[in-house]
Ligand code: SAM
Ligand code: SF4
């Protein structure tokens, strides 16, 4: 390792940068010790949210990051720019907490878009208030959205999110459809005793609106620490329940580093493909070996793995006057140390005594 050549893995060492003489766009890579390259950037913009999903947040008592600890719009844009220009990041997704809670979300998207006209910029959101902002977001350069929706029953929605806002979410989804965003993906977490008999109903609802539904296995990232392996609604169980109402066959396109395994959906005995459904088996069918993510928390820390407790501050050095190259160096070093799987080189979620990370999903950025 050392001198930078196109398509060669860089360790992110100082030597690499010096020998290269200058940093050429996309010639360095966010490589790790296991040969993975991260080119998919998730940026959390805020830890606050207007829902309280049981698998994510507590009913109350969450402590928020002080406002001055959050990346400002220009800081988030600068870090995204370093990701794309220096590390060849191919995709940027803004998340949270709830990214729509940020009033300057349009400015952040516009800032990244003006520097990088071709990079896909997407949002993971609960869609509350999206109907009022979708035009401004699309004008700013938003290309895609994922909306979280676990049920289309009002009572179940209220039980799962602790808020009576189902209509607002649906209004947001419909506005995104009218704005022409495509594909719109819907993320659903199945919870035992709450929505775990509603898989086919939710799929029918999504297919009817041209939305791509993806089921996500519940991960031990809830602030209440109530996750229990025994309660997990597994990918296998979800597939089984869907097959009571639909034929599922593996979607022919290769999966690559995508976390979702895609299935073509047909009516039972039917020949027409109605659409696809994705299943993200984050717990039972690990895809860590193909992980291409690099994450930034709302307070500007790199997190190489969702499950890790290790975080590396980029915002502090940035505020202290570090150059883009210096920030890139810190970032590359953090990613080089990315653990093998589930925040560890040795342990998995199935290892007895597994301890979840300290920060919960909304604090990390999902
Ligand atoms: N508020 C936005 C939303 O809900 O889409 C963005 C942030 S949220 C943390 C991002 C994604 O993480 C959502 O799709 C949510 O369903 C998912 N999520 C949250 N907690 C989870 C958990 N414990 N296990 C699996 N997925 C989870
Ligand atoms: Fe909020 Fe998203 Fe967490 Fe639900 S999953 S509480 S919408 S951050």
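Even glycines carry a Cβ here, placed using N, Cα and C.
These figures come from a predicted structure and were not determined experimentally.
Feature annotations, courtesy of TrEMBL:
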BINDING   42, 93, 124, 185, 293, 294, 295  GTP binding site
BINDING   49, 53, 56  [4Fe-4S] cluster 1 binding site
BINDING   55, 97, 148, 219  S-adenosyl-L-methionine binding site
BINDING   288, 291, 305  [4Fe-4S] cluster 2 binding site
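All features noted in TrEMBL, drawn onto the structure.
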residue: 42; record: GTP binding site; Cβ contacts under 8 Å, 6 or more apart: 93, 94, 95, 293, 294, 295, 296, 365
residue: 49; record: [4Fe-4S] cluster 1 binding site; Cβ contacts under 8 Å, 6 or more apart: 56, 57, 96, 97, 98, 101, 126, 362
residue: 53; record: [4Fe-4S] cluster 1 binding site; Cβ contacts under 8 Å, 6 or more apart: 148, 150, 160, 161, 162, 189
residue: 55; record: S-adenosyl-L-methionine binding site; Cβ contacts under 8 Å, 6 or more apart: 160, 189, 191, 218, 221, 222, 227, 361
residue: 219; record: S-adenosyl-L-methionine binding site; Cβ contacts under 8 Å, 6 or more apart: 227, 282, 283, 306, 307, 349, 361
residue: 305; record: [4Fe-4S] cluster 2 binding site; Cβ contacts under 8 Å, 6 or more apart: 288, 291, 338, 339, 341, 342, 343
93, 185 as binding-site residues, winner by CB count within 10 A: 93
If the [4Fe-4S] cluster 1 site is taken as the center of the Cβ atoms of 49, 53, 56, which further residues of that chain fall within 8 Å of it by their Cβ? 51, 52, 55, 57, 98, 126, 161, 361, 362
DSSP three-state call for residue 293 (GTP binding site): helix, strand or coil? strand
Looking at the binding-site residues 56, 288, 291, the one with the fewest other Cβ atoms inside 10 Å is 288
Greatest C-beta neighbour count within 10 angstroms, which of the binding-site residues 124, 148, 294: 294
Over all pairs in 55, 97, 148, 219, the listed S-adenosyl-L-methionine binding residues, work out the largest Cα-Cα distance in Å. 16
Of the binding-site residues 42, 148, 219, 288, 305, which ones put their CB under 6 Å from ligand 1? 148, 219
So which of 56, 97, 295, listed as binding-site residues, have a Cβ under 6 Å from an atom of ligand 2? 56, 97
